[in-house]
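Worksheet: the structure to be examined is printed underneath.
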Ligand code: PMP
């Protein structure tokens, strides 16, 4: 098979080494004569996966001791409901920062459980979309927490500034950037992320929650979304998505072997810089996000002549550059450059883009 590079926004590319290890041990995992999918989640062999994966994740993200790590179901969207129902306590309000599609979706879901206040932080600067600095965010004084999304996967918009909101509890949807760079976990009350971009296969959702926030859940909260119940049961309140958990554990080991998150941050920065440079140096391609808020992992771009987009997508697919079609809401193209995408993949894309200009520019 010819080599292809998969730019899907999620489920996304996984490291080739991880897939090949999973393939090798699929039918006879750890000499058990069966696959990891077919054994009890409470067996001592699977508990080893559970413990090792949590230890590796804690090491990678340098997670402080007063945080619980929960391996959940339901994707990030389940967390849109779980967050208010776990954290509101006696409050009726929560602040929702609106930076794009996903943070707005979290706000919409929260309306079922409380009276969330939406705070728009985007504005136009020189014709480009930008985010106001955090010191200008008009936060309220009676909110249970502040929710935001540091990387809007569809819009290609990032908020890299770190929150410093005093006693306020900060909740962040890190679905598209978790593990793509080092992170100061202690700035947050809750961090959550669906697995299918930078962690492993779809089906697993990570929640990292500060311990003092446990125990405030609404009585109506389904137990399966209750952080205290999950923490008390070591994420084994019911049967967890064992295969996704196992594979994520292999990804954590792979990340450690690559040199950890600082190294991944450097590589992701280099990949994004190469692609943005190619876009900026031509009049043929356009990205409409202000430089300071450009996402390092989701790079949307359009062709100045949008009549050529279908041809671009068709020819890129033939050239082995997969899943470059932008989200249906924004159109154009989008290249997602998560950890598993090598620099070589981005270089191949850039070469294709320059050749496309030579043919049709
Ligand atoms: N938040 C962000 C930032 C996302 O990118 C996505 C998925 N693309 C979601 C939430 C929804 O995730 P899930 O499909 O796991 O519910």
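Backbone N, Cα and C atoms are what each Cβ position is placed from, and that goes for glycine too.
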TrEMBL has 76, 77, 102, 153, 196, 238, 239 binding pyridoxal 5'-phosphate. Which one of 56, 173, 212, 226 is in the same site?
173
Could you give the Cα-Cα distance between residue 9 (L-glutamate binding site) and residue 153 (pyridoxal 5'-phosphate binding site), in whole Å?
7
Among the recorded positions 42, 77, 197, point out the residue whose Cβ has the most other Cβ atoms within 10 Å, with all shown protein chains included in the count.
197
Between residue 42 (L-glutamate binding site) and residue 153 (pyridoxal 5'-phosphate binding site): CA-CA distance (Å):
35
Entries of 77, 102, 153, 197, 239 (recorded positions) sitting next to ligand 1, with Cβ under 6 Å as the cut-off:
77, 102, 153
